[in-house]
Amino acid sequence: MGRYVVQRMGYMVITLLIIVTITFFLMQLLPGTPFSNPEKLSERQLELMSAKYGLDKPLAIQYMTYIGNLIQGDLGLSFQSEGRTVISMIGDRIGPSALIGGQAVVIGVLCGFILGVISALKHNTIFDYGSVFVAVIGMSIPSFVFAALMQYYIGVQWGLLPVALWKDYSYSIMPSLALSAMVIATVARFIRSEMLEVLGQEFVTTARAKGITEFVVIIRHVLRNALIPVVTVLGPLTVSIMTGTLVIEKIFAVPGLGEQFTLSILVNDYSVILGITLFYSALFIFIVFIVDILYGILDPRISMGGGKKDAA
Amino acid sequence: MKNLLFLLMLMVIIGLAGCNFGGDSSNESSTEDTIENSSENTGTVGEETSGKVINLTSDGDIPTLDSAHAHDGIAFTVLNNVNEGLYRGDDAHNPELAMAEDHQVSEDGLVHTFLIRDAQWSNGEAVTANDFEYAWKRVFEEVGHYNVMFETAGIKNASAIIAGDMTPDDLGIVALDEKTLEITVENPSALLNQLLTFPIFLPLNQAHVEEVGDTFGTEAETILSNGPFLLDSWQQDQGWVYKKNPDYWDAETVSLDQINVNVVKEVSTAVNLWESDAVDRITISSSYVDEYENDENFANVVRPEVIFMRFNHNHEHFANENIRKAIDMTIDKEGLTNTILNNGSVPLYSLVPQEFSYSPNEEVDFRELNGEFNQGSVEEAIALWEDGLSEIDSDGFEMSLMSSDDDNHVKSAEFIKNQLESNLEGITVNIKTVPFEARLENEKAVEYDMVISSWGPDYSDPMTYIDMWVTDGPANRMDFSDDEFDSIVAEANVETDAEVRYQLLLDAEKKLMDEMHIAPLYQSADALLTRSKIKGIVRHPSAPEYEYKWADVE
């Protein structure tokens, strides 16, 4: 297990390096400069500014400089917000995104889990149809539709929760609910179909034949096996949802990271693009790693250090 | 095992969310009270109930509050309200003395001596002449975005410093003593006072800037104020709060106690906030105009941004005056603004927009003095088209019309293509839609046939539109060159008699537009909702845009 973890860490660093390299060079294909309002900048002024930020140097040198700073933990300064470090920009914005996303995942997993289990145990009854209906709605209607409807009714018409902005805890509830719809639907669908499959397996029949109570059969044998695919989708889903979603953040005026990332690409803010890409990738790779560890706990057939089976 | 799994998942979630929540709560603690008392229905906090508070929205965060680097309207507005330079624009957009108490000009118009008034920074130190000298030279050391403004203002040696022939220390500004500032210009300039209202000319407290170092301008705590308001707090991407500056020299004029600005990027969100009384002023998009246009709080305000087409003057057909005129005349600009765009924008038949500049003494709109250009019927346009084609022995041509992917520009391009192809025989228009940056690169390289461009003023004077078109000027971008036009502009640049100069500006526009070297399309406008109780927010036609100094709540 220990050796496995070290090995995986090594792979993670290499993966990140590849991602940074590709992003760095792809970014150069974006037209224009990272300086805002380029329409008003003279050629001479562009020259001076490029020189100041080292953009006049050959690409290879710029790349080496960036990697050198990166190793020392320096992600550089934003071009658009002069003087502000990329690390502080990410740090300031990840909070709201993670809070909303985290709450959405918790709500989504709890509700989705309950719906899925009911659906599978009461297969082909009105309960099953009901929860399938909820899952289909959650899956097919984009979250911004929920967001806009909730904002209008709950916020403006009934005045139950703040319409938008980001001031205290109550401001995070509606965005979380809007985001959770998709999570509920995803989790419910997976739990339902996996449980139905597991319920039909022979070891479940064996367990029942041994006289174990139905409750224990469901918990120990059915659910545990049904959870594997859920964990697989939930890992990446958690990352993407917690690192910010452009549309929800815009609709609820949440100062989050999702919006910042899109903006930085639109305005060619090179260092911010690289910084956020790196942050997303690192988080994503880390979660995939956690998921792999969880596999081993959930399913002893998947081994960690064996080498015969690469869990990646 | 299942419990273990859940425990693990919860730990990951809580671990990640938990540390962020810590960040949140620190945000909250600093803004909490202002939020509480700004919403009308909370009676819990009594502190602000008697104060005058307004809630505004901004469609973006402040990029930086370092006056050397500030480069966008949002930052300019904040800087303008928390700081003050030698001059400030008044409610009629004319420069009035601000940090300077007195302004003497030498006989040759080259040396300007300012007496700095008794005023203080928010750390208690006095504002001195050295604060200006330091700040201005620092702009060049920092390679500020807008240091070209020093060239426009004609400050001595600014051009040489930008060209790299001199150092920032050679700039024509010197603090003679603590309160006396001497500025030397290269030519007498009628524009100087107007330009000095621009935030790049703000003073800085040297000791403070050096003390906070790299963090200067990145947080509310790292800036000092010498203007009507203090920046009380600033949360990234969330908003900022102004409070009245009790130590401002003219504090008795300032009525508002507090201004909360919330960052709201989505118009529908702003509308919902407006409906729930959370904000007092928003900009709405054209899709909401029909719903609100009869509201007492609604106003449609024309803006000085102009949208026009550049002709590539190297193109054989566009070198011909009649063809250019025919193309311009055949476009139904009223149909474009009223039917296609329907966002309050108004048709434009000139270079300088309306409600932008007024003559020095009579205060007549520039637009009224010079009238409209090249208005006519489709029949007249067809006649011009046929004349033009026969002059150059052509029976029509295919051309491309470049547009950036901005929604309004794309709609305009489609409309123009339809108008040209249905009215002018022999023309084929291919629309080429590109990102803004690519459009700019193509414009600079003059690699297009026609392109839909836009221009907003850098300062409140018609010259900001006119000097775009001088030979090889940085904003020309269509290889247009006319000696007569160039000489009128050169003359206006050194003319100090305001009325004579104004006439030269009128002549220059007439020269350009009589031959239709560009095809103006429309002037943009904003649809605003402002609570009627709010009075006196001044909006200048060029940066810095907003003044809250005279704003009040009834």
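The backbone N, Cα and C atoms fix where each Cβ goes, and this holds for glycine too.
Taken from TrEMBL, the feature transmembrane segment covers A:12-30 (among others).
Taken from TrEMBL, the feature domain 'ABC transmembrane type-1' applies to A:94-295.
If you look up TrEMBL, you'll see A:98-121 (among others) marked as transmembrane segment.
Here TrEMBL flags A:133-154 (among others) as transmembrane segment. Here the transmembrane segment (A:133-154) has Cβ contacts under 8 Å with residues 112, 115, 160-161, 163-164, 174-175, 177-179, 181-182, 184-186, 188-189, 192, 245, 247-248, 251-252 of the same chain, all six or more residues outside its ends.
The feature transmembrane segment is assigned by TrEMBL to A:169-191 (among others).
According to TrEMBL, the transmembrane segment annotation covers A:226-252 (among others). Counting only same-chain residues 6+ beyond the ends of the transmembrane segment (A:226-252), those with a CB under 8 A from a CB of the stretch are 93-94, 96-98, 100-102, 104-105, 109, 120, 142-144, 147-148, 151, 164-166, 171, 174-175, 178-179, 183, 186-187, 190-191, 194-195, 197-198, 258-262, 279-280, 283-284, 287-288, 290-291, 294-295, 298-299.
Annotation source TrEMBL lists transmembrane segment at A:272-298 (among others).
Between the transmembrane segment (A:98-121) and the stretches A:12-30, A:169-191, A:272-298, it is A:169-191 that has the most C-beta pairs under 8 angstroms. Under 8 Å from some Cβ of the transmembrane segment (A:169-191) lie the Cβ atoms of residues 96, 99-101, 103-105, 107-109, 111-113, 115-117, 119-120, 131, 134-139, 141, 143-144, 146-147, 150-151, 154-155, 161-162, 226-227, 229-230, 233-234, 237, 241, 245, 248-249, 251-252, 254, all in the same chain and six or more residues away from its ends.
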